[in-house]
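This report refers to the structure that appears directly beneath it.
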Amino acid sequence: YLFEGFLQATTQSTDQTSEFHLRGDYLIGGLFNIHYVAAANFQRPQAIDCSSKLFILPNYRRFQMMRFSVEEINNSSSLLPNVSLGYQMFDHCSDIHSFPGIFKLLSVNDLIRPWEDASTGLPNAIGVVGPFTSTHALSIAPIFMTNLFPMVSYGCSGSVFSKENLYPSFLRTVHSNKDVINAIVGIILNFNWRWVAFLYSDDDFGKDGLEQFKNKIEDSEICLAFYKAINVNTDYLQVFKQIEEQNIKVIVVFAPKVYAEAVVESAVQLNVTNKVWIADDGWSLNKKLPSMNGIQNIGTVLGVAQPVVTIPGFTDFIYSAISQTDGGDTEQKMFCNQKCNCSNLSVKSLLNADPSFSFPVYAAVYAIAHALHNTLRCGSDRCPKNITVHPHMILEELKKSNFTLLNQTVQFDENGDPKFGSLSVVFWNSSGNAEEVGSYHFQSSIHLSINKTKIKWFTNGEVPTSLCSPECPAGYAKKPNGMHKCCFTCEICKTNNYVNITEDPFKCISCKDTKWAAEGSTSCLPRLLEYVSLTDIGAVLTMVLEGLLLGLTVSVSVVFAINYNTPVVRSAGGPICFLNLGCLSLCSISVFFYFGVPTPSSCVLRYLPFILFYTVCLACFVVRSFQIVCIFKISAQIPNIHIWWVKYHGQWLLISAAFMFQALSLTISFCCDPPRPYNEMLWYPEQIILSCNLNIQASCFSLFLLVSLCCLCFIFSYMAKDLPKNYNEAKAITFCLLLLICTWVIFITEYMLYRGKYIQIFNALAVLSSLYSFLLWYFLPKCYIIIFQPDKNTQQYFQGLI
C-alpha cells in the first residue's frame, strides 16, 4: 500500500509516558506548532524533525492546555461517564513537512487506504483539535474534508474557513480575521486616526487580514497610507524610512508572534519613535517584547487580545506535568514529531507565557467531548458501548453544540464560527504588562468600549494624531490632493453654499431658494421674507401724500369748474384740463398696490393705471404745448395747419390715438407676459424681497410711447422759449417735464444701487412725484391767480402779456 511503509517507517515505538499520546476509548487528534519552521522553497514534501527548530513557548502552553482538558474530562462524572478519552498530538511545525501526523490520525490500523470504504475500520481519531495557523489549515483541511472528518481549530482565523461549502467539517473556537479587523478598525476610529500603515505577514493569515482591513475601511474616513508584507528577508530600515517619510503615526502589525517580534525589535534597534502600534490577538499579550530594553521609545502599544480566562486546576496540572516529563523526553521513542526537547523548561516560565488562545483550546476539546457524549447518547452515570462512532456523527453533534463552559455558552453558527466570546483591548504599560483597557463584544449593540484614562500616551496625556491633512475648519470643503481621500486642501464655501461633513465633506452644497448661508457655513438658514406692509411708516406717509394729491386734484377741479370761462382756465386747456386732472387722480390709484404681499392682480394694478392714464396726461400736455407753438409760430407761417387743427379737433384726435394705442399695447403685453409676483434673491442672500416683475421687453411699446410723448412735449415747450417774456404757459410745462425727468433719473439710479424692500416706497414716491410735478407747478399756480389775483384773470391782462 502506498502510505503503509511511510507510516511504519516514521514509527519507532509509542511509549505510554509520552506527553503527546494518551490511550483511551476514543482518541482526539491535536495539532500544535510547538516549533517554528520558516517557509522555504522545496522540491517535494518530506518529513522533518520539528524538535530541532525554533521553540515557541506559548504554543507549548496551549499544547498542555489540551492535555489538561482531556484529563479533566476523564475525571468528570457527568461528561462521558465510564468512557475514557485519549489523544494523539503532533508538533505540526510546518505546512508542507508535517503530513505524517495527519496520516496517522486518518489511518486505520496504521494504514492509509483511500480507495477502501469505511467498513474496513475506523480512523484512529474521532476529531482533531487544530491547527493553529491559517496556512497550516489550508494545507491539511482538504484532506479532512473529504470524509467529513471534524476539525475544531483554536487559532485559525482565516476568513475563507467561514465558507461552509468549501470546508463543511471545519469549526473553530476563535473568531475570524474579519471580526479581529473590525475591532482594530474600531480602535482606530475611536481615536480619530486617519493615516495608518499596515504591516502583515507574507502568508495566508496576513494576506487575509490585509484584504479584510481594506474592505472594512473602504467606506470609512481611514486611509491606508502604506502596507507591506513582511517575512524573514524584510528590509525593515527601508520599511520604516517610507513610513517616516509619509508621516504615519499609527502602525497596525497583523502577523504571527515570530514576525511581530522581528518588527518590534527592528523598530527598537532602528530608533523608531513616537508611533502608535496596534497588535492583533496573536501577539498583543506577548511576554517578551514589553520587557525588552528600549521598548518605551517606540511609542504606545495597543492591541486586541483573547480575553485571559482563568481555568481552574490548570496551574496544578502544569506543576504535575512538568515534574513527570522532566528529563524523560530524551529517552522516549515516539512517532514522527512527537518530541519536544523542552525538558529544561521551568513551571514559572510556562505559566507566565502568553495565555492567548488558552480558552479556545479548552473549548475545542470540550466541544468534541460533548459531541461524543451526545453521539453515544450517554446518561447521567454511563455511556453505552455498543454504538459505532464515525467522525461524521461527531461533526453532526458538533454543529448542534450548546453547553456552558466557564460561564460562556459554547455554540457555533451555520458556518462553524463561534457564537460566543469577545476580545479585550490591551495597552502595554510601563511595568511591562499588557493591561486591559477595554473590550470588544461581538453580540452587543455597542461593540467597543475603551477606558481612555488608563492609556498613557507617549505624548504625555494628549491622544496622538495621525492625519495626512489636518481637518478643515467648519464651513470649509475638502479638495482632494492626491490619491488618498485623507489628503486634501481646505476651500471655504461661498455665500449661499454650505458643507455637510456627515454627507459629503468634499462638496459645497447650494442652499435652496428659500434659504441662505453666509460664507463658510455648515447649514442653511431660512431667508427672511421682506415686503412693505400697509402699516409700515413709509407706506402710511406715502398713502397720506396720495390722499393729499387726490384732495388737491378735486379742489383744483372745483376751482376750475367754477371759473371755467375765465382766461386762466381756458389758457390751461379748457376741457382738456379736466381730463388731465381726472387722469392724474386715476394714476394715483396704482400707489396703493405697492404695499402688502404682492399678488398677480396687485402686480397688474401697480403698473396698469399709471402707464395708461399718465399716457393721457402727457398727451394732453403735448397737445397744449403744440397749441402754444401753433398759435404763436406755426399759424403765421403755415396757416392751414391751424385751420385743420381747429376744424378736425386735432387735440382730441391725438389724445384718443395715444390712449387707444397705449391700451392696445398694454393689453397685448399683459396678456403675453403680465406683471407677476417676483422674489428678489440675488441682492441680499439672507432675505427674499417680495416684489413685482415687469417684463421690460414685453412692455417696450408702452414705455416707448410714454418716452415719446414726454420728448414731444419737451420739444414743443422748448420751441416756445422765445415767446413773450411774461407768458409763462410753456415755461411751466417745461419745468414740470424737467422735474419729471429728474424724478425718474433719481429712481433708476437708486434702483441700480438698492433692491431692498423700501425700493417699493421709492417707486411709489416716484409715481407721486410725477403726478405732483404737474399738479403743483402747472395747475396750482393757476388756482392761485384765480383765487388771490383775480385782476390777472381778465382778457385785457392776457392781451397785454401777449
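The backbone N, Cα and C atoms fix where each Cβ goes, and this holds for glycine too.
Because TrEMBL annotations are produced automatically, they should be read as predictions rather than curated entries.
In the structure as shown, the Cβ atom of C93 (disulfide bond) sits within 10 Å of 26 other Cβ atoms. The disulfide bond feature in TrEMBL is assigned to C50-C93 (among others).
Taking Cβ-Cβ distances under 8 Å and a sequence gap of 6 or more within the same chain, N75 (N-linked glycosylation site) has no neighbours at all. Marked as N-linked glycosylation site by TrEMBL: N75 (among others).
TrEMBL lists N82 (among others) with the feature N-linked glycosylation site. A 10 Å cutoff on Cβ-Cβ distances gives N82 (N-linked glycosylation site) a total of 13 other Cβ atoms nearby, all chains included.
The annotation L-glutamate binding site is assigned in TrEMBL to S134, G155, S157. The Cβ of S134 (L-glutamate binding site) has C156, S157, G158, V160, F161, D203, D204, F205, D208 as same-chain neighbours under 8 Å, each 6 or more residues away in sequence.
Counted within 10 Å of its Cβ, the other Cβ atoms near N271 (N-linked glycosylation site) come to 10, all protein chains included. TrEMBL lists N271 (among others) with the feature N-linked glycosylation site.
Annotated disulfide bond per TrEMBL: C340-C342 (among others), in sequence order.
Annotation comment: TrEMBL describes N341 (among others) as N-linked glycosylation site. Neighbours of N341 (N-linked glycosylation site), defined as other CB atoms within 10 A of its CB across all chains, total 17.
All protein chains considered, the CB of C378 (disulfide bond) has 20 other CB atoms within 10 Å. Residues or ranges marked as disulfide bond by TrEMBL: C378-C383 (among others).
Of all Cβ atoms in the shown protein chains, 11 besides its own fall within 10 Å of the Cβ of N402 (N-linked glycosylation site). Summarising the annotation, TrEMBL assigns N-linked glycosylation site to N402 (among others).
According to TrEMBL, the N-linked glycosylation site annotation covers N407 (among others). For N407 (N-linked glycosylation site), applying a Cβ distance below 8 Å and a minimum sequence separation of six or more within one chain yields no residues.
Packing around N429 (N-linked glycosylation site) is summarised by its Cβ count: 15 other Cβ atoms lie within 10 angstroms of its Cβ, all protein chains included. Residues or ranges marked as N-linked glycosylation site by TrEMBL: N429 (among others).
If you look up TrEMBL, you'll see N451 (among others) marked as N-linked glycosylation site. Remark: N451 (N-linked glycosylation site) has V437, G438 as non-local neighbours, by Cβ distance under 8 Å and separation of at least 6 in sequence.
Outside the transmembrane segment (537-564) by six or more residues, the chain places 572, 574, 577-578, 581-582, 584-585, 588, 591-592, 594-595, 758, 761, 764-765, 768, 771-772, 775, 779-780, 782-783, 786-787, 793 with a CB less than 8 A from a CB of the stretch. According to TrEMBL, the transmembrane segment annotation covers 537-564 (among others).
Remote same-chain residues near the transmembrane segment (576-595) are listed as 531-534, 536, 539, 542-543, 546, 549-550, 553-554, 556-557, 560-561, 569, 602-603, 605-610, 613-614, 616-617, 620-621, 623-624, 651, 655, 760-761, 763-764, 767-768, 770-771, 774-775, 779 (criterion: CB distance under 8 Å, separation of at least six residues from the stretch ends). Residues or ranges marked as transmembrane segment by TrEMBL: 576-595 (among others).
Listed as Cβ neighbours of the transmembrane segment (607-632) (distance under 8 Å, sequence separation of 6 or more from its ends, same chain) are residues 572-573, 576-577, 579-580, 583-584, 586-587, 589-590, 641-642, 645, 650-651, 654-655, 658-659, 662-663, 666, 670, 675, 692, 694, 699, 702-703, 705-706, 709-710, 712-713, 716-717, 719-720, 723, 729-730, 733, 736-737, 767, 770, 774. Residues or ranges marked as transmembrane segment in TrEMBL: 607-632 (among others).
Proximity of distant same-chain residues to the transmembrane segment (652-676), defined by a Cβ-Cβ separation under 8 Å and at least 6 residues beyond the stretch ends, is recorded for 576, 579, 600, 603-604, 606-608, 611-612, 615-616, 618-620, 622-623, 692-695, 698-699, 701-702, 705, 709. Among the features that TrEMBL reports, transmembrane segment is placed at 652-676 (among others).
All protein chains considered, the CB of C340 (disulfide bond) has 22 other CB atoms within 10 Å. With C383 (disulfide bond) as the anchor, the candidate recorded positions are C340, N402, N429, and the one with the nearest CA is N402. Closest to C50 (disulfide bond) in space, going by CA atoms and restricting to the recorded positions N82, N271, C342, N402, is C342.
Cα spacing between C378 (disulfide bond) and N402 (N-linked glycosylation site): 16 Å, rounded to the nearest whole number. Residues S134, G155, S157 make up the record's L-glutamate site, and a Cβ search at 8 Å around their centroid adds F132, T133, A137, S153, C156, G158, R172, V174, N177, F205 from the same chain. Here the disulfide-bonded residues are C50, C342, C383, and the one with the most other Cβ atoms within 10 Å of its Cβ is C50. Spatially close to G155 (L-glutamate binding site) yet at least six residues away along the chain are R62, G130, P131, F132, T133, V174, G282, F357, P360, judged by Cβ distances under 8 angstroms. A straight line from the CA of N402 (N-linked glycosylation site) to the CA of N82 (N-linked glycosylation site) spans 22 Å. Taking CA atoms as the reference points, C93 (disulfide bond) and N341 (N-linked glycosylation site) are 14 Å apart.
A separation of roughly 37 Å, to the nearest angstrom, links the Cα atoms of N271 (N-linked glycosylation site) and C340 (disulfide bond).
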